[in-house]
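J.: Here it is, the structure in full.
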Amino acid sequence: MTRLSGIFLRPQVAALVAVLLMNWLLFPDFFDLTWRDGRLFGSLIDVLNRGAPVAILAIGMTAVIATKGVDLSVGAVMAIAAAVAATLVVGGQPAIVAVTAALAAGLLCGLWNGVLVTYLDMQPIVATLVLMVAGRGLAQLITEGSIVTFSDPVLIYIGTGAFLGLPMPVVIALALLLLTTLLVRRTALGLMIEAVGVNKGAARLVGIPARLLLIGAYAFAGFCAAIAGIIVAGDIRGADANNAGLWLELDAILAVVIGGTSLLGGRFSIPLSVLGAVIIQAMNTGILISGLPPEFNLMVKAGIIILILILQSPLAAEAFARRMPKRKTAPRERTMP
Amino acid sequence: MNRSLRPLLATTIIFVLAYALAVSQYPGLLSTRVLGNFLTDNAFLGIAAVGMTFVILAGGIDLSVGAVIGFTTVLIAVLVMWAGLHPLAAFAVALVVAAAFGATMGAAIAYLQVPAFIVTLAGMFLARGAASVISPDSIGIKHDFYTAVSQTYLLLPGGGRITVIGGLMVAVFVLGALLAHRTRFGSAVYALGGNPTSAALMGVPVPRTTILIYTLSSTLAGLAGAVFSLYTKAGYSLSAVGVELDAIAAVVIGGTLLTGGYGFIAGTFIGVLLQGLVQTYIVFDGSLSSWWTKIVIGGLLFMFILLQRLIFSASAPSRKALWKA
């Protein structure tokens, strides 16, 4: 459980501050904000804006990982949602219909994953692999293989507009963060999700609707992916089935892991996952403005994952706190989060 | 009949049926020429899939395969074109680097007890990143050895060609099958995938086996990279993106259980051929777009996982775990 007052003492916050300071040293204007045409401009806003799609994916991914699962299909679902929205507005439908249909498509993809995991008892990594492989094909089927471009003002506003001076993607991500955090922490929902993540069988025996929660978690991840897909489509004013959301599932998982959510299930924090997404984007921006070739980006990311893995590993936990009993985790459970 | 043979049998029947169906539509598909191309075009995927089979048999997963292939092609291109090494020496260096990389990942999984999924994800970032740091651009390879290899082949009756890389893939499959079914290491892999705790109690050296499995997988990915560089005559950091997913799909379609413990190297071979068949069919058809490949492979993947569930539902580990809880 993360109390809002305790969140400022987290290592993730220290990491973000360190990355931002590094950016500031490299680029002294980094924290400069200007107000122009009714919205804020500046590198900091840019970090938030670029990080918003991954942050939104990370919110959904957190719910899935908390149940000891993983969703590899979110990138493909983004492409599907973008394709649905773009094709509908180009076909003359109003934007509200397009957005609703895209969200419904995302929800449907998530439900499909959830049913595979819950009722067919597939390991999450495999169940979502199916949609990851086939999803991009489906998206291309919808766009008929071309990049569908549109000029619908509402969709473009979702991707590039501003509300109260903040870019729309940031506003959407913040609203989603607030709503889900309140929902899981002000009700018993979060506790029940954690119970399912720790031990599905035990959770069912104490009367938690484990299957419903599992399906719900995957459906929510699909829904979040659809939102991210619409934002990305609005940003580039088109749906590119091949490249929309490509490899973003890995960034989303990375954001969740940086946020300290356990891949073994049972412990999660949505605000910290969003913070993880912002850290990743701040790093990306930092590498870009430092003049280092963007190729170093991946290596820096890998280095950070390795560092976090070592810190999070049971070995380190034993070294830090001797009171923890030695875990005998079966490789099957270790390898299939 | 042995229950673990059933998925393999199902895969074989489906491949034969699918092939017969494709041939009935396009008789041209039934030629040694097409079969030879199956082997050549899928050589790198097949070799990587053998390594992936071992990893999945042991209940793990290796997401770094495609990135290791990409890294190896760049490393070989740089060693051959910039450092002037003979390609065979470059292959040896690349294999050693890949093996060390796999051993490191295996050690992290074995000793840090971190999920294989996330360790190999980090490995994937690292290998891709390292490849693009060495050279972000594609490097063409011009060497007499490459020309000689591409012109060496075994002529089959009917005009089909077994190229060096196609033959190499078959050899890797044969050796892989021997390693899995006829050696102590192979038994340890199956035992680990079946139940790691009992494997450890029976005296299987779990950490050592885990390290060896990931070393093997990365070495074979390195070999696949060498084959890919022979196939494309270039080194490019973004080559073979997503091959790990094709390899996992081939393993699953080949009837290996993703929870580990059950499966055959031979099944993976058929899985690779089935994917090749889908691609070739779509090329032959001409009117179907290439994205159908992805949808069909996704559909096949789903069908086979479902099939495995039905066959193994009585002994599904998660169900047992539920009752234990």
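Just so it is clear, glycine is given a Cβ too, placed from its N, Cα and C backbone atoms.
Not my notes, these are from TrEMBL:
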TRANSMEM  B:38-58  transmembrane segment
TRANSMEM  B:65-83  transmembrane segment
TRANSMEM  B:89-109  transmembrane segment
TRANSMEM  B:116-134  transmembrane segment
TRANSMEM  B:154-180  transmembrane segment
TRANSMEM  B:211-231  transmembrane segment
TRANSMEM  B:238-258  transmembrane segment
TRANSMEM  B:291-312  transmembrane segment
J.: Restricting to the same chain and to residues at least six past its boundaries, which positions have a Cβ under 8 Å from a Cβ of the transmembrane segment (B:291-312)?
T.: 3, 6-7, 10-11, 246, 249, 252-253, 255, 257-258, 262, 274-275, 278-279, 282
J.: What same-chain residues lie close to the transmembrane segment (B:38-58): Cβ under 8 Å, and 6 or more beyond its ends?
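T.: Cβ under 8 Å, 6 or more out: 65-66, 69, 116, 161-163, 165-170, 172-173, 176, 179-180, 189-190, 192-193, 209-210, 213-214, 216-221, 223-225, 227-228, 231, 240, 243-244, 246-248, 250-252, 254, 256, 258, 260-263, 265, 268-269, 271-273, 275-277, 279-280.
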J.: Go through B:116-134, B:154-180, B:211-231, B:238-258 and flag the stretch with the largest number of C-beta pairs under 8 Å relative to the transmembrane segment (B:89-109).
T.: B:211-231
J.: Which sequence positions outside the transmembrane segment (B:154-180), separated from its termini by at least 6 residues, show Cβ-Cβ distances below 8 Å to it?
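T.: Beyond its ends, the transmembrane segment (B:154-180) has Cβ neighbours at 31-36, 39-40, 42-44, 46-47, 50, 53-54, 57, 186, 189-190, 220, 223, 227, 230-231, 264-266, 268-269.
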